[in-house]
Every structure is written in C-alpha cells, then in structure tokens.
Ligand code: NAD
Ligand code: MG
C-alpha cells in the first residue's frame, strides 16, 4: 500500500495531537508532509522529528530560530508566515487536516480546497465564515471536504451517500455542556475554569467555552448547512447529555439512523483519515450495558441565547455568520482572560450582530475585512459593558 500523504494544520492542539496519535499508529498508511502550530515550538519540533515531516511551520516569527535549531539535524524545513502556511496546506499532501482554531484557519483551509486536496475539516469557524466560498471552490477544484467534527462525521456516516432530497431532518446532538442544568443567575458567576470543565469531551479552551454557551452547537448548525446543503428549518438540535449518539438523520420515510460511539475524537478523525476504509483506533469500545441510559431533551434558547443568535445568523446569511463568529472569538478570549463575565459573551455577539450591516462577502479577502471590523466592534462593546 502506498501511504497517504498527510499534512496537519494545528498539529499541537487537541484535534492535532489526536490526529498524530493515529498517524503514528499506522506509519505504513500515512506519510506526514507538513505540520503547523501557533507557538508551541517544542511540541511541533518533537512531532516533526517523530513523523519525519518535511515542513514545520510556526505562526509566531520570533520562534522560527528556535524551531530551526531544534530541527537542524533532521530533513525537516522550518518556516513561518502566510506563504509557508499556504504551502503546508497546498503542497505535496493529498489529505489536509484543518485543526487550527478560529477564523485564523480559514486561509490555509481555503488554500487546500483550491488545490483540490481532501480536506479533513475540524476547523468549523472556516466553514461558518466562508461556507459558500469554500463549497463553491471545492466544486470547482474537485476537493472533497470530510467532516471531522463528531456530529457532522456522524451525519456523513448516517447519510451514506443520500442527499437532502431523501432527508426530512438532520438532528444534531449536543451534550448541553457543563452548565446544562444551571440557572441564568448561576451562569452569571461562572468563571473560565468552570466553563472549560466539559463533562464528556477533552478539548481546546475556545471550543470548551463554546460548549458551555452552546455557541458550539450554533456554529455546528451553520457548519451542517454548508456541509450537507439542508436549510435551517431542516436541522434540529437535541440535547443528549451522555454524548453517545453523535447525531442522527431522519429520512422522508420516517426511518431514523444514528451513529454511536465512545466520546473520543480519534473515531471521527480516523474515519476522515482513512476514508473509505476503517482502521482500529484503539479507542475504548462503547459498552451500552455500562452506559445503561440514554436521555434526550430539547435545548433551552432562553438560558442559551447563542443558539438563537446562530440560527438567526444562518437565516440572515450574508455577513451575519462572519460577525457572529468574530464577536464570539473576541468575547471568548476576553472571558478566558477574566475580562468579561460568562453572560457577556452572548450579549457581545448579539450587540455586534445588531450593529453590523455589511454586505455578503464575495471573496476570502471580504470575509477577513468583515471579520476584522467585527472584532474591533466587539472590543468596543466589551469596554462599554465593563464601564
Ligand atoms: P486547540 O486550541 O487545542 O488547538 C488549536 C491548534 O491551532 C494548535 O495547534 C494551535 O497551535 C493552532 N493555532 C491556534 N491559533 C493559531 C493561529 N492564529 N495561527 C496558526 N495556528 C494556530 O483547539 P482544538 O480543540 O484542537 O480545536 C481545533 C478546531 O477543531 C476548532 O475549530 C474546534 O472547533 C474544532 N473541533 C475540536 C474538537 C475537539 O475535540 N477538540 C472537536 C470538534 C471540532
Ligand atoms: Mg462537535
């Protein structure tokens, strides 16, 4: 078997390290071409050395010299900057894992799509902010976008090639996050430590806060629309605290198909890496007799306004999802830094959306412009909130 050539964007993060775990388990199946990271130079150099990567890209230019010296006795080139990141995404790899967090991952994800690569997409913010542009580019280049996000990976598996004509509903399951049963008053005093303590999944800080506000499910609603072409009205959200059913599809004949598994990202990542084959992931098998009970409940849009805001952004279209995402990224960073309260996250997003009326982005450059203005607006709104 010729190994599949793989690049991992965001190789030092939660999804990135799970991807490396799988890739290193099967050296005859996967050959690593490029790895990238923001600032964790030690983890990046270690991974590049272990996997014999050809290119390592560090986002922070002040760390380039250190990366070079750590890799000096290897065949791996060390680089920084936009062009190097684009090269990691569009060079020799056949499959690119997009695991950068936030809109920062948009340009390289788009570069991979334009180059006709198979894109294993974890970086949902890219699709939320530029879904139409990315799916349009994929249709032109022949790039295939395989969802790594567990819910979308589940739906992809349940659809088994059926399109939306045979589907009556996509049902995205949500754990409900660490504050599922908290009142609004209780949520008001929750700090970053409480918000990142997810009951079922171990993830990066940003997505953990998004799970606590349920903005994560809102972003996933928009992501599902772009991946599967279903309108907002055909995508439901269902809270399922055990995180065993990763999502479901209801077909027009009334049949409902669900995908189940242990809550471990290596399952959807492995599916995307080896598609259409399957490989042993080493993940603990699901034992339903131990889980015993699966429960489901409707989400509460009063306590979780982010759900309502994301649905409104999807239905409004144009620049609204870009503004939603940018304001949320800024607000989550401020919350993690202790500068705003938990409830201020959704407040900031709502106000930023209400005060913006940019036209729909026609290019990635437009998306980046709208993103930048929305971040500045969110910063301004947060200083108002603090006053
Ligand atoms: P993380 O914070 O653990 O890792 C992010 C990675 O991106 C790191 O390697 C970091 O170095 C890199 N990075 C961050 N900012 C960057 C920048 N400005 N430029 C270049 N590189 C940068 O995040 P994560 O939890 O692994 O999530 C990654 C993406 O996958 C997110 O979009 C998230 O929503 C999605 N996702 C994650 C999970 C999960 O279980 N962690 C599940 C589903 C989807
Ligand atoms: Mg998910």
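Cβ atoms are placed via backbone N, Cα and C, with glycine included.
TrEMBL lists 12, 13, 14, 15, 38, 39, 40, 123, 125, 204 with the feature NADPH binding site. Around the Cβ of residue 40 (NADPH binding site), the number of neighbouring Cβ atoms within 10 Å comes to 17.
Per TrEMBL, 1-deoxy-D-xylulose 5-phosphate binding site is recorded for 124, 150, 151, 175, 198, 211, 216, 217, 220. Residues within less than 8 Å, Cβ to Cβ, of residue 198 (1-deoxy-D-xylulose 5-phosphate binding site) and separated from it by at least 6 positions along the same chain comprise 175, 177, 178, 208, 211, 212.
The feature Mn(2+) binding site is assigned by TrEMBL to 149, 151, 220. Neighbour density for residue 220 (1-deoxy-D-xylulose 5-phosphate binding site): within 10 A of its CB lie 28 other CB atoms from the protein chains shown.
If you look up TrEMBL, you'll see 6-131 marked as domain '1-deoxy-D-xylulose 5-phosphate reductoisomerase N-terminal'.
Residues or ranges marked as domain '1-deoxy-D-xylulose 5-phosphate reductoisomerase C-terminal' by TrEMBL: 145-228. Within the model, the domain '1-deoxy-D-xylulose 5-phosphate reductoisomerase C-terminal' (145-228) carries an average pLDDT of 95.
Annotated domain 'DXP reductoisomerase C-terminal' per TrEMBL: 260-376, in sequence order.
Fewest Cβ neighbours within 10 Å among the binding-site residues 12, 14, 216: that distinction goes to 14. By the rule that a residue counts when its Cβ sits under 6 Å from some atom of ligand 2, the binding-site residues 12, 124, 149 yield 149.
Counting only same-chain residues six or more apart in sequence, the Cβ atoms lying under 8 angstroms from the Cβ of residue 149 (Mn(2+) binding site) belong to 121, 122, 124, 220, 223, 268. Among the binding-site residues 151, 198, 216, no residue has its Cβ under 6 Å from any atom of ligand 1. According to DSSP, residue 124 (1-deoxy-D-xylulose 5-phosphate binding site) sits within a helical segment. Mapped onto DSSP helix, strand and coil, the domain '1-deoxy-D-xylulose 5-phosphate reductoisomerase C-terminal' (145-228) counts 45 helix, 11 strand, 28 coil. For the NADPH site, whose binding residues are given in the record as 12, 13, 14, 15, 38, 39, 40, 123, 125, 204, the maximum C-alpha distance rounds to 21 Å.
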